Amino acid sequence: MTLWRPTPSDIWQGRDDRAEASNALRIFQTLRQSEHFIPANSGIALMGFASDEGVKRNHGRTGAAQAPDVLRKALANMASHHGHDRLVDMGTFTVEADQLEAAQHALSDGVQACQQAGMRTLVFGGGHETAWAHGRGVLEAFPDDRVVIINLDAHLDLRNAERATSGTPFRQLAQYCAARQREFQYACFGVSRAGNTQALWDEAGRLNVTLVEDLHFRRDALSTLDAVLAQADRVYLTLDLDVLPAGEMPAVSAPAALGIPALDLLPVIEQICRSGKLQAADLVEFNPLYDREGQGARLAARLAWQIAHWWA
């Protein structure tokens, strides 16, 4: 498969505690690695999308292309509990030069193949351009189902641009659905009115996007989520790490001045994971160039750890 590489074996390393007990295991010891892109009929396919071309096109801070393996390393040494032995590392899709669209197509095909084989997909971006590819792959895999997109994000990412960027994925997914006379079901939780122009707010209204603003997150998120999940056959969850406060997550292209603390996000993530409807999830916009002593990587990896643990 072009634009794809297996994950180097030295990425998955950590402390070995098996001398204490046979079940004293960590992620690096229970995760399976695939040397070839051959989807299984079950499990969680962990994939990377090493891209910041979309961030570059959107005039953001580049560096997210390095994120997938940094996040793998941060996850590797965490304890392995229920659900983590389902993880299968299916490698990373890469962008050659500025050929973002080709890489997005490759990731989309890979996601579709995994989903149709019986796997669910967990993708480490990369910028939020990851979502156009990941979301399209899920929609292609389930053409007759109501796939609801839930975005935990300070930004709507409904920009109108000549080329795909990290700011356009949900407009692209809306256009994809419209071309197929398919309902576009999109909810954005944690969105910042200060971080989105009136034009973007108007576009969200035109597309009937469900919104929970950052200021009202604690009050409204869980009740709104109940209504969103009731409309879904399957859910694609995309977590833009810039939804977190800059103090918790400095390592993103656009750090949040306000943001939603991780302890407030986690009940929402848990409810989605335990709904039985979660089909796909990703974490995007992590930029290791701006991390502080690995703080952001560890938090992002912990969020991924929780998703895999809670995923029903």
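Placed from the backbone N, Cα and C atoms, the Cβ positions cover glycine too.
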Among His84, His105, His128, which residue does Swiss-Prot name as a further Mn(2+) 1 binder in the site formed by Asp153, Asp157, Asp240? His128
In the same chain, outside Asp153, His155, Asp240, Asp242, whose C-beta lies within 8 angstroms of the Cβ mean position for the Mn(2+) 2 site? His128, Asn151, Leu152, Ala154, Asp157, Gly190, Leu241, Val243, Ala254, Glu285
An 8 Å radius from the center of the His128, Asp153, Asp157, Asp240 Cβ atoms defines the neighbourhood of the Mn(2+) 1 site; name the other residues of that chain inside it, in order. Ala131, Asn151, Ala154, His155, Leu156, Ser166, Pro169, Phe170, Thr238, Asp242, Val243, Val284, Glu285
How many Å lie between the Cα of Asp153 (Mn(2+) 1 binding site) and the Cα of Asp242 (Mn(2+) 2 binding site)? 7
